[in-house]
Amino acid sequence: MKHLAVLGSTGSIGRQTLEIVRRYPSEFKIISMASYGNNLRLFFQQLEEFAPLAAAVYNEEVYNEACQRFPHMQFFLGQEGLTQLCIMDTVTTVVAASSGIEALPAILESMKKGKALALANKEILVCAGELVSKTAKENGIKVLPIDSEHNALYQCLEGRTIEGIKKLILTASGGPLLNKSLEELSCVTKQDVLNHPIWNMGSKVTVDSSTLVNKGLEIIEAYWLFGLENVEILAVIHPQSLIHGMVEFLDGSVISIMNPPDMLFPIQYALTAPERFASPRDGMDFSKKQTLEFFPVDEERFPSIRLAQQVLEKQGSSGSFFNAANEVLVRRFLCEEISWCDILRKLTTLMECHKVYACHSLEDILEVDGEARALAQEI
């Protein structure tokens, strides 16, 4: 039985993780959980249902209320609380389903304590890929990706020798603005952007999908996750979102993972690997006609892919800067302070002006993060 610490239990990934735990109670047990979002009612419902040994909350008012409602449960507060949850003796696997880099210290400490990591958080590897990879290697920790694309690549690479691999290929739906012309892109609204044709995601991720920044982040993530320095990592547009990742080998063969666009599939495999359990969702129905289309990324429309590749070339502080600057610009767009086109225009300007420097510690990463946020707010 795997004993889980779930960070971000009320978010989309967290809720589906608990759905799998609910389906397989003999395989998984929730030891601790944290929610730093606003859905306090749902979090309390989760605490009642799964009765973890401990939980963490984000402020003192919520902490006091939680302690009163659950007097026999241990509660922790703030960022330090995340670390306490993750390093509990009985925890075997940390499910990092929260967004942002707030959970980075907790994740690093959990790996030092020998905890397995199921990772849904793009920012952790984008900002601290070198540090996380080094910590995982030193402590013999295998990082199991939850993102559908990286989970697909992980499955394609299982049992393969590095020498035979030529390319890692991430697929992108193209987002809600795929078929709009360059002229139309200049006047898209927030509602246009948030109406994703395939995936039901949070606002920030949906905006990232529209700019393809999410795919840029995933290219960086794949580099650190798989450690294949001499292997090309690229993205292609695949509007149907049925194939999630592909590996091309030196002999020209391509292996892919295919399933309906539902995050439950990769979440479940990240939790059960290398075993496979029955899914509550229907798989592919090949009795019906299926269409698979692939298009190259138009870099004039989506400079985010080029920016991500430059991050990998420069490394150092560039990943943290790229991630933080984008977060602020997306927030400004959602607040209707800037246009959709401004996101990529301003992000490109910021990245061109950033002078890359070495970034080896958690303190370095947080310093870059703060610098980028301040500049992105002003530009």
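Backbone N, Cα and C define each Cβ position, glycine as well.
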Query raised in the report: Asp147, Glu149 bind Mn(2+) according to Swiss-Prot; which of Glu65, Glu218, Glu229 goes with them?
Result: Glu218
Query raised in the report: Same NADPH site as Thr10, Gly11, Ser12, Ile13, Asn39, Asn121, Glu123 according to Swiss-Prot: which of Gly174, Gly175, Gly202, Gly216?
Result: Gly202
**Report entry** Fewest other C-beta atoms within 10 angstroms, as judged across Glu123, Asp147, Glu218, which are the binding-site residues
**Finding:** Glu123
**Report entry** Of the binding-site residues listed as Lys122, Asp147, Glu149, Glu218, the one whose CA lies nearest the CA of Ser12 (NADPH binding site)
**Finding:** Asp147
Requested in this report: Report the largest Cα to Cα distance, in Å and rounded to a whole number, among the residues Thr10, Gly11, Ser12, Ile13, Asn39, Asn121, Glu123, Gly202 that the record lists as binding NADPH.
Outcome: 22
Report summary line: Reading the DSSP string in three states, the entry for Asn121 (NADPH binding site) is coil
Query raised in the report: Does DSSP put Asn39 (NADPH binding site) in a helix, in a strand, or in coil?
Result: coil
**Report entry** When distances run from the Cα of Glu149 (1-deoxy-D-xylulose 5-phosphate binding site) to each of the binding-site residues Thr10, Gly11, Asn39, Glu123, the nearest one
**Finding:** Glu123
